[in-house]
(Lines of atoms letter the chains of each structure in order from A and count residues from 1; the text may use other names and numbers.)
(Lines give C-alpha, C1' and ligand atoms only; values in the text may rest on other atoms or scores of the structure.)
Protein backbone atom coordinates (compact mmCIF):
# COMPACT_ATOMS: atom_id res chain seq x y z
CA UNK A 1 0.00 0.00 0.00
CA UNK A 2 1.21 3.49 -0.78
CA UNK A 3 0.03 7.04 -0.12
CA UNK A 4 1.17 9.83 -2.45
CA UNK A 5 0.59 13.57 -2.36
CA UNK A 6 1.94 16.07 -4.88
CA UNK A 7 2.25 19.80 -4.24
CA UNK A 8 3.72 22.78 -6.05
CA UNK A 9 7.41 23.34 -5.22
CA UNK A 10 8.18 26.52 -7.16
CA UNK A 11 9.04 28.40 -3.93
CA UNK A 12 10.95 25.55 -2.25
CA UNK A 13 14.41 24.05 -2.42
CA UNK A 14 15.63 20.61 -1.32
CA UNK A 15 17.63 22.36 1.40
CA UNK A 16 14.66 24.25 2.87
CA UNK A 17 12.52 21.11 2.84
CA UNK A 18 15.25 19.00 4.45
CA UNK A 19 15.68 21.53 7.26
CA UNK A 20 11.94 21.67 8.01
CA UNK A 21 11.35 17.92 8.04
CA UNK A 22 11.27 16.29 11.45
CA UNK A 23 12.63 12.77 11.57
CA UNK A 24 15.57 10.47 12.12
CA UNK A 25 18.39 9.39 9.83
CA UNK A 26 17.50 11.86 7.10
CA UNK A 27 19.35 11.58 3.80
CA UNK A 28 19.40 13.79 0.73
CA UNK A 29 20.55 12.71 -2.73
CA UNK A 30 20.94 15.33 -5.44
CA UNK A 31 22.29 15.50 -8.96
CA UNK A 32 23.69 18.91 -9.68
CA UNK A 33 24.58 19.92 -13.25
CA UNK A 34 28.19 19.52 -14.34
CA UNK A 35 27.95 22.21 -17.01
CA UNK A 36 24.59 23.64 -18.13
CA UNK A 37 22.36 20.58 -18.24
CA UNK A 38 19.31 20.45 -15.99
CA UNK A 39 19.04 17.69 -13.41
CA UNK A 40 15.52 16.56 -12.74
CA UNK A 41 15.19 14.80 -9.37
CA UNK A 42 16.35 15.22 -5.79
CA UNK A 43 15.56 12.55 -3.20
CA UNK A 44 14.98 13.03 0.52
CA UNK A 45 14.24 10.07 2.80
CA UNK A 46 13.71 9.84 6.56
CA UNK A 47 12.71 7.55 9.41
CA UNK A 48 14.11 4.22 8.15
CA UNK A 49 12.33 1.09 9.34
CA UNK A 50 15.49 -1.06 9.32
CA UNK A 51 19.26 -0.60 9.61
CA UNK A 52 21.28 -3.27 7.77
CA UNK A 53 24.95 -3.37 8.79
CA UNK A 54 27.82 -5.64 7.81
CA UNK A 55 31.01 -5.34 9.87
CA UNK A 56 33.99 -7.70 9.91
CA UNK A 57 31.91 -10.54 8.52
CA UNK A 58 28.93 -10.01 10.86
CA UNK A 59 25.54 -9.08 9.38
CA UNK A 60 22.91 -7.42 11.56
CA UNK A 61 19.44 -5.92 11.15
CA UNK A 62 18.50 -3.34 13.77
CA UNK A 63 21.51 -4.66 15.75
CA UNK A 64 20.17 -8.24 15.74
CA UNK A 65 22.80 -10.59 14.30
CA UNK A 66 21.82 -12.57 11.21
CA UNK A 67 23.83 -15.76 10.69
CA UNK A 68 25.14 -17.37 7.49
CA UNK A 69 23.85 -14.80 5.02
CA UNK A 70 25.68 -13.07 2.18
CA UNK A 71 24.97 -9.39 2.96
CA UNK A 72 24.27 -8.35 -0.63
CA UNK A 73 21.98 -11.30 -1.28
CA UNK A 74 20.25 -10.65 2.04
CA UNK A 75 19.78 -6.96 1.19
CA UNK A 76 18.34 -7.81 -2.20
CA UNK A 77 15.85 -10.33 -0.76
CA UNK A 78 14.83 -7.83 1.89
CA UNK A 79 14.44 -4.82 -0.42
CA UNK A 80 13.33 -6.07 -3.82
CA UNK A 81 9.72 -7.10 -4.30
CA UNK A 82 9.30 -8.81 -7.70
CA UNK A 83 5.55 -8.38 -7.60
CA UNK A 84 5.78 -4.64 -6.90
CA UNK A 85 5.32 -2.10 -9.65
CA UNK A 86 5.68 1.64 -9.87
CA UNK A 87 3.52 2.04 -12.94
CA UNK A 88 2.78 5.60 -13.93
CA UNK A 89 5.38 6.86 -11.45
CA UNK A 90 8.23 8.45 -13.35
CA UNK A 91 10.31 8.65 -10.19
CA UNK A 92 13.78 7.28 -9.40
CA UNK A 93 12.89 6.16 -5.85
CA UNK A 94 9.69 5.46 -3.91
CA UNK A 95 10.94 3.05 -1.23
CA UNK A 96 13.99 0.88 -0.71
CA UNK A 97 17.51 0.96 0.72
CA UNK A 98 19.91 3.91 0.79
CA UNK A 99 23.48 3.61 2.01
CA UNK A 100 26.88 2.32 1.01
CA UNK A 101 29.07 -0.72 0.43
CA UNK A 102 32.64 0.15 1.35
CA UNK A 103 35.84 -0.59 -0.56
CA UNK A 104 36.76 -3.42 1.83
CA UNK A 105 33.54 -5.31 1.01
CA UNK A 106 35.20 -6.77 -2.08
CA UNK A 107 38.03 -8.21 -0.01
CA UNK A 108 35.62 -9.89 2.37
CA UNK A 109 33.88 -11.65 -0.52
CA UNK A 110 37.15 -12.54 -2.26
CA UNK A 111 38.98 -13.75 0.84
CA UNK A 112 41.42 -10.82 0.96
CA UNK A 113 41.26 -9.72 4.59
CA UNK A 114 44.62 -8.48 5.87
CA UNK A 115 44.99 -7.36 9.46
CA UNK A 116 44.76 -3.63 8.85
CA UNK A 117 43.65 -1.05 11.38
CA UNK A 118 40.17 0.45 10.98
CA UNK A 119 40.93 3.90 12.35
CA UNK A 120 37.50 5.42 11.59
CA UNK A 121 35.25 2.60 12.80
CA UNK A 122 32.37 2.55 10.30
CA UNK A 123 30.62 -0.64 9.11
CA UNK A 124 31.91 -2.25 5.91
CA UNK A 125 28.37 -1.98 4.53
CA UNK A 126 25.46 0.04 5.91
CA UNK A 127 22.04 0.51 4.33
CA UNK A 128 18.90 2.06 5.78
CA UNK A 129 15.51 0.81 4.59
CA UNK A 130 13.09 3.66 3.84
CA UNK A 131 9.34 3.84 3.29
CA UNK A 132 9.08 7.63 3.74
CA UNK A 133 10.43 9.72 0.87
CA UNK A 134 10.04 13.12 -0.76
CA UNK A 135 10.99 13.56 -4.40
CA UNK A 136 11.69 16.95 -5.99
CA UNK A 137 10.77 16.99 -9.65
CA UNK A 138 12.68 20.10 -10.75
CA UNK A 139 11.41 19.87 -14.32
CA UNK A 140 7.76 20.06 -13.25
CA UNK A 141 8.45 22.12 -10.10
CA UNK A 142 6.60 19.59 -7.98
CA UNK A 143 7.30 17.94 -4.62
CA UNK A 144 5.98 14.40 -4.24
CA UNK A 145 5.40 12.98 -0.75
CA UNK A 146 5.46 9.17 -0.56
CA UNK A 147 4.55 6.84 2.31
CA UNK A 148 4.78 3.09 1.68
CA UNK A 149 4.21 0.03 3.87
CA UNK A 150 6.15 -2.58 1.88
CA UNK A 151 8.50 -3.39 4.77
CA UNK A 152 6.61 -2.37 7.92
CA UNK A 153 3.00 -3.27 7.07
CA UNK A 154 1.81 0.07 8.47
CA UNK A 155 -1.93 0.61 8.34
CA UNK A 156 -3.58 3.00 5.89
CA UNK A 157 -4.25 5.41 8.76
CA UNK A 158 -0.59 5.33 9.82
CA UNK A 159 0.52 6.07 6.27
CA UNK A 160 -1.89 8.99 6.01
CA UNK A 161 -0.79 10.40 9.38
CA UNK A 162 2.88 10.23 8.37
CA UNK A 163 2.12 11.89 5.04
CA UNK A 164 0.17 14.68 6.72
CA UNK A 165 2.91 15.26 9.32
CA UNK A 166 5.55 15.73 6.63
CA UNK A 167 3.35 18.12 4.66
CA UNK A 168 2.52 20.14 7.78
CA UNK A 169 6.19 20.41 8.75
CA UNK A 170 6.88 22.41 5.60
CA UNK A 171 4.71 25.27 6.85
CA UNK A 172 7.13 25.94 9.71
CA UNK A 173 10.06 28.20 8.84
CA UNK A 174 13.16 27.20 10.78
CA UNK A 175 15.92 29.54 11.93
CA UNK A 176 18.44 27.17 10.36
CA UNK A 177 17.20 28.07 6.87
CA UNK A 178 18.50 31.61 7.20
CA UNK A 179 21.50 30.90 9.43
CA UNK A 180 24.29 29.48 7.33
CA UNK A 181 27.16 30.21 9.69
CA UNK A 182 30.79 30.39 8.71
CA UNK A 183 32.70 27.13 8.94
CA UNK A 184 35.74 26.74 11.15
CA UNK A 185 39.06 26.39 9.37
CA UNK A 186 39.89 22.71 8.97
CA UNK A 187 43.55 21.81 9.47
CA UNK A 188 44.00 18.50 7.69
CA UNK A 189 46.89 16.15 8.47
CA UNK A 190 47.77 13.22 6.19
CA UNK A 191 48.34 9.66 7.34
CA UNK A 192 51.63 9.71 5.44
CA UNK A 193 54.29 12.20 4.39
CA UNK A 194 54.85 13.23 0.79
CA UNK A 195 58.18 11.39 0.90
CA UNK A 196 56.53 8.16 2.04
CA UNK A 197 53.78 8.42 -0.58
CA UNK A 198 56.34 8.92 -3.33
CA UNK A 199 58.34 5.93 -2.05
CA UNK A 200 55.22 3.81 -2.37
CA UNK A 201 54.69 5.09 -5.93
CA UNK A 202 58.26 4.09 -6.82
CA UNK A 203 57.74 0.59 -5.39
CA UNK A 204 54.45 0.24 -7.27
CA UNK A 205 56.15 1.26 -10.53
CA UNK A 206 58.78 -1.44 -9.97
CA UNK A 207 56.06 -4.08 -9.58
CA UNK A 208 54.35 -2.81 -12.74
CA UNK A 209 57.60 -2.94 -14.72
CA UNK A 210 58.09 -6.53 -13.52
CA UNK A 211 54.67 -7.50 -14.90
CA UNK A 212 52.93 -7.91 -11.55
CA UNK A 213 50.06 -5.63 -12.66
CA UNK A 214 49.31 -2.82 -15.11
CA UNK A 215 48.05 -0.16 -12.73
CA UNK A 216 47.33 0.37 -9.03
CA UNK A 217 45.56 3.23 -7.25
CA UNK A 218 47.38 4.50 -4.16
CA UNK A 219 45.69 6.91 -1.77
CA UNK A 220 46.31 9.05 1.27
CA UNK A 221 43.84 9.97 4.02
CA UNK A 222 43.58 13.49 5.42
CA UNK A 223 42.02 14.04 8.86
CA UNK A 224 41.01 17.19 10.74
CA UNK A 225 39.09 18.14 13.87
CA UNK A 226 35.47 18.97 13.01
CA UNK A 227 33.02 20.72 15.34
CA UNK A 228 30.69 22.48 12.89
CA UNK A 229 27.14 21.57 11.87
CA UNK A 230 27.58 18.77 9.27
CA UNK A 231 24.63 19.94 7.18
CA UNK A 232 26.05 23.46 6.94
CA UNK A 233 29.17 21.90 5.44
CA UNK A 234 27.01 20.09 2.86
CA UNK A 235 25.15 23.30 2.03
CA UNK A 236 28.41 25.04 1.22
CA UNK A 237 29.84 22.02 -0.61
CA UNK A 238 26.92 21.77 -3.03
CA UNK A 239 27.34 25.44 -3.96
CA UNK A 240 31.14 25.59 -4.10
CA UNK A 241 31.80 22.21 -5.73
CA UNK A 242 28.65 20.86 -7.43
CA UNK A 243 28.88 17.45 -9.07
CA UNK A 244 26.89 14.62 -10.61
CA UNK A 245 26.24 12.87 -7.29
CA UNK A 246 25.67 14.96 -4.17
CA UNK A 247 24.74 13.33 -0.88
CA UNK A 248 24.29 13.99 2.81
CA UNK A 249 23.64 10.90 4.93
CA UNK A 250 22.87 10.84 8.63
CA UNK A 251 23.71 7.39 9.98
CA UNK A 252 23.38 6.36 13.63
CA UNK A 253 26.69 7.79 14.87
CA UNK A 254 28.38 9.34 11.84
CA UNK A 255 27.70 11.37 8.70
CA UNK A 256 28.74 10.90 5.08
CA UNK A 257 28.94 13.99 2.85
CA UNK A 258 29.98 13.88 -0.76
CA UNK A 259 30.22 15.37 -4.21
CA UNK A 260 31.21 12.47 -6.45
CA UNK A 261 31.58 12.97 -10.21
CA UNK A 262 31.67 9.26 -11.03
CA UNK A 263 28.96 6.63 -11.37
CA UNK A 264 29.96 3.13 -10.34
CA UNK A 265 26.88 1.37 -11.68
CA UNK A 266 23.22 2.01 -12.42
CA UNK A 267 20.51 -0.46 -13.36
CA UNK A 268 17.13 0.62 -14.71
CA UNK A 269 15.02 -2.23 -15.96
CA UNK A 270 17.44 -4.34 -17.99
CA UNK A 271 19.83 -1.49 -18.81
CA UNK A 272 23.14 -1.31 -16.91
CA UNK A 273 25.80 1.39 -17.12
CA UNK A 274 29.08 2.47 -15.58
CA UNK A 275 31.03 5.71 -15.93
CA UNK A 276 34.85 5.40 -15.82
CA UNK A 277 36.72 8.61 -15.02
CA UNK A 278 40.51 8.66 -15.30
CA UNK A 279 42.87 11.40 -16.36
CA UNK A 280 43.00 14.59 -14.32
CA UNK A 281 44.23 18.17 -14.56
CA UNK A 282 43.63 21.09 -12.24
CA UNK A 283 41.39 23.86 -13.60
CA UNK A 284 42.99 26.91 -15.18
CA UNK A 285 42.53 30.48 -13.98
CA UNK A 286 41.13 31.57 -17.36
CA UNK A 287 39.28 30.02 -20.28
CA UNK A 288 42.51 30.13 -22.29
CA UNK A 289 44.39 28.25 -19.56
CA UNK A 290 41.54 25.74 -19.32
CA UNK A 291 41.74 25.00 -23.04
CA UNK A 292 45.51 24.59 -22.89
CA UNK A 293 45.14 22.15 -20.00
CA UNK A 294 42.47 20.20 -21.89
CA UNK A 295 44.76 19.87 -24.90
CA UNK A 296 47.62 18.80 -22.63
CA UNK A 297 45.40 16.21 -20.94
CA UNK A 298 44.06 14.79 -24.20
CA UNK A 299 47.56 14.46 -25.65
CA UNK A 300 49.22 12.96 -22.57
CA UNK A 301 50.14 9.35 -23.50
CA UNK A 302 50.12 8.22 -19.87
CA UNK A 303 46.66 9.67 -19.14
CA UNK A 304 45.17 8.39 -22.41
CA UNK A 305 46.58 4.88 -21.98
CA UNK A 306 45.38 4.73 -18.37
CA UNK A 307 41.88 5.84 -19.35
CA UNK A 308 41.59 3.35 -22.21
CA UNK A 309 42.73 0.55 -19.90
CA UNK A 310 40.06 1.45 -17.35
CA UNK A 311 37.36 1.66 -20.02
CA UNK A 312 38.35 -1.87 -21.03
CA UNK A 313 38.08 -2.91 -17.38
CA UNK A 314 34.61 -1.33 -17.22
CA UNK A 315 33.61 -3.22 -20.38
CA UNK A 316 34.84 -6.42 -18.76
CA UNK A 317 32.95 -5.78 -15.50
CA UNK A 318 29.69 -4.94 -17.27
CA UNK A 319 30.24 -7.80 -19.72
CA UNK A 320 30.10 -10.35 -16.89
CA UNK A 321 26.40 -9.66 -16.40
CA UNK A 322 25.29 -8.39 -19.83
CA UNK A 323 23.93 -10.08 -22.93
CA UNK A 324 26.55 -10.97 -25.50
CA UNK A 325 26.99 -8.20 -28.04
CA UNK A 326 25.10 -5.59 -26.01
CA UNK A 327 28.13 -3.71 -24.62
CA UNK A 328 28.49 -0.19 -26.02
CA UNK A 329 30.59 2.88 -25.22
CA UNK A 330 28.27 5.79 -26.08
CA UNK A 331 30.63 8.36 -24.51
CA UNK A 332 34.38 7.93 -24.97
CA UNK A 333 37.12 10.19 -23.61
CA UNK A 334 35.08 13.34 -23.10
CA UNK A 335 36.71 16.00 -20.89
CA UNK A 336 34.36 17.31 -18.19
CA UNK A 337 35.07 20.31 -15.97
CA UNK A 338 34.49 20.63 -12.24
CA UNK A 339 35.27 23.44 -9.81
CA UNK A 340 38.89 22.54 -9.14
CA UNK A 341 39.73 19.79 -11.65
CA UNK A 342 38.85 18.41 -15.07
CA UNK A 343 38.62 14.71 -15.93
CA UNK A 344 38.51 12.45 -18.97
CA UNK A 345 35.21 10.55 -18.80
CA UNK A 346 33.55 7.69 -20.66
CA UNK A 347 30.34 5.67 -20.35
CA UNK A 348 29.93 1.91 -20.80
CA UNK A 349 26.45 0.38 -21.17
CA UNK A 350 24.98 -3.08 -21.56
CA UNK A 351 21.76 -5.08 -21.44
CA UNK A 352 21.45 -7.10 -18.23
CA UNK A 353 21.03 -10.83 -18.70
CA UNK A 354 17.73 -12.17 -17.25
CA UNK A 355 19.47 -14.24 -14.55
CA UNK A 356 21.25 -11.20 -13.09
CA UNK A 357 20.04 -8.37 -10.86
CA UNK A 358 21.06 -4.92 -9.68
CA UNK A 359 23.05 -6.41 -6.80
CA UNK A 360 24.87 -8.68 -9.23
CA UNK A 361 25.79 -5.53 -11.13
CA UNK A 362 27.11 -3.98 -7.93
CA UNK A 363 29.13 -7.10 -7.14
CA UNK A 364 30.55 -7.13 -10.68
CA UNK A 365 31.73 -3.51 -10.60
CA UNK A 366 32.78 -2.97 -6.94
CA UNK A 367 35.36 -1.60 -6.49
CA UNK A 368 35.75 0.45 -9.63
CA UNK A 369 38.91 -0.05 -11.62
CA UNK A 370 39.51 3.69 -11.24
CA UNK A 371 39.86 3.13 -7.47
CA UNK A 372 41.72 -0.19 -7.52
CA UNK A 373 43.67 -0.78 -10.74
CA UNK A 374 44.19 -3.55 -13.26
CA UNK A 375 43.99 -6.46 -13.09
CA UNK A 376 41.51 -5.59 -10.36
CA UNK A 377 42.08 -8.57 -8.05
CA UNK A 378 45.87 -8.24 -8.06
CA UNK A 379 45.78 -4.47 -7.67
CA UNK A 380 43.40 -4.85 -4.74
CA UNK A 381 45.84 -7.20 -3.00
CA UNK A 382 48.70 -4.77 -3.54
CA UNK A 383 46.70 -1.83 -2.17
CA UNK A 384 46.48 -3.59 1.18
CA UNK A 385 50.25 -4.04 1.16
CA UNK A 386 50.89 -0.36 0.44
CA UNK A 387 48.22 1.24 2.61
CA UNK A 388 48.34 0.89 6.39
CA UNK A 389 44.61 1.31 7.13
CA UNK A 390 41.35 -0.11 5.83
CA UNK A 391 39.86 2.26 3.26
CA UNK A 392 36.37 1.96 4.69
CA UNK A 393 33.76 3.94 2.77
CA UNK A 394 36.31 5.58 0.45
CA UNK A 395 36.43 3.90 -2.94
CA UNK A 396 33.22 1.97 -2.30
CA UNK A 397 29.68 2.58 -3.59
CA UNK A 398 27.11 5.09 -2.30
CA UNK A 399 23.53 5.11 -3.52
CA UNK A 400 20.24 3.27 -3.48
CA UNK A 401 18.43 0.05 -4.34
CA UNK A 402 14.69 0.35 -5.00
CA UNK A 403 11.98 -2.18 -4.24
CA UNK A 404 11.42 -2.78 -7.97
CA UNK A 405 15.08 -3.74 -8.44
CA UNK A 406 16.62 -0.58 -9.87
CA UNK A 407 19.79 0.95 -8.46
CA UNK A 408 22.11 3.91 -8.85
CA UNK A 409 25.50 3.99 -7.11
CA UNK A 410 28.23 6.61 -7.18
CA UNK A 411 31.85 5.84 -6.40
CA UNK A 412 32.66 7.12 -2.91
CA UNK A 413 35.22 9.73 -3.92
CA UNK A 414 35.25 13.44 -3.07
CA UNK A 415 33.58 12.17 0.09
CA UNK A 416 33.97 13.18 3.74
CA UNK A 417 33.22 10.89 6.68
CA UNK A 418 32.42 12.71 9.94
CA UNK A 419 32.73 10.64 13.11
CA UNK A 420 33.75 11.37 16.69
CA UNK A 421 34.39 15.05 15.88
CA UNK A 422 36.85 14.13 13.13
CA UNK A 423 36.60 14.76 9.38
CA UNK A 424 38.21 12.20 7.09
CA UNK A 425 38.89 12.77 3.38
CA UNK A 426 40.75 10.33 1.14
CA UNK A 427 42.05 10.69 -2.41
CA UNK A 428 44.13 8.52 -4.72
CA UNK A 429 46.08 8.48 -7.96
CA UNK A 430 46.43 5.77 -10.58
CA UNK A 431 50.02 4.54 -10.80
CA UNK A 432 51.31 3.16 -14.11
CA UNK A 433 54.78 2.31 -15.45
CA UNK A 434 55.67 5.90 -16.40
CA UNK A 435 54.11 7.72 -13.43
CA UNK A 436 56.09 10.60 -11.90
CA UNK A 437 55.87 10.20 -8.09
CA UNK A 438 55.61 13.90 -7.24
CA UNK A 439 52.93 14.39 -9.91
CA UNK A 440 50.86 11.52 -8.48
CA UNK A 441 51.14 12.98 -4.98
CA UNK A 442 49.93 16.35 -6.26
CA UNK A 443 47.05 14.66 -8.09
CA UNK A 444 45.72 13.28 -4.81
CA UNK A 445 45.72 16.79 -3.35
CA UNK A 446 44.06 18.26 -6.45
CA UNK A 447 41.26 15.71 -6.18
CA UNK A 448 40.75 16.47 -2.49
CA UNK A 449 40.60 20.26 -2.94
CA UNK A 450 36.85 20.29 -3.52
CA UNK A 451 36.38 19.10 0.06
CA UNK A 452 39.39 20.67 1.75
CA UNK A 453 38.54 24.20 0.64
CA UNK A 454 34.81 24.24 1.44
CA UNK A 455 33.96 27.38 3.37
CA UNK A 456 37.61 28.41 3.60
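Heads up, the Cβ atoms here are built off N, Cα and C, so glycines get one too.
With a cut-off of 8 Å between CB atoms and residues at least 6 apart in sequence, the same chain places 39, 40, 41, 42, 244, 245, 246 near residue 31 (L-tryptophan binding site), listed in sequence order. DSSP assigns residue 31 (L-tryptophan binding site) to coil in the three-state reduction, outside any helix or strand. Swiss-Prot lists 31, 244, 245, 246 with the feature L-tryptophan binding site.
As annotated by Swiss-Prot, chorismate binding site applies to 279, 280, 394, 414, 428, 429, 430. If you draw a 10 Å sphere around the CB of residue 429 (chorismate binding site), it holds 24 other CB atoms from the protein chains shown.
On its own chain, residue 306 (Mg(2+) binding site) has 215, 278, 279, 430, 432 as residues at least 6 apart in sequence with a Cβ closer than 8 Å to its own Cβ. Under the heading Mg(2+) binding site, Swiss-Prot lists 306, 443.
Residue 280 (chorismate binding site) sits 7 Å from residue 443 (Mg(2+) binding site), taking the CA atoms of both as reference points. Only 429, from the binding-site residues 394, 414, 429, place their Cα within 10 Å of the Cα belonging to residue 443 (Mg(2+) binding site). Under the DSSP three-state reduction, residue 443 (Mg(2+) binding site) is assigned to helix.
Of all Cα pairs drawn from 279, 280, 394, 414, 428, 429, 430, which the record names as binding chorismate, the longest spans 19 Å. In the structure as shown, the Cβ atom of residue 428 (chorismate binding site) sits within 10 Å of 26 other Cβ atoms.
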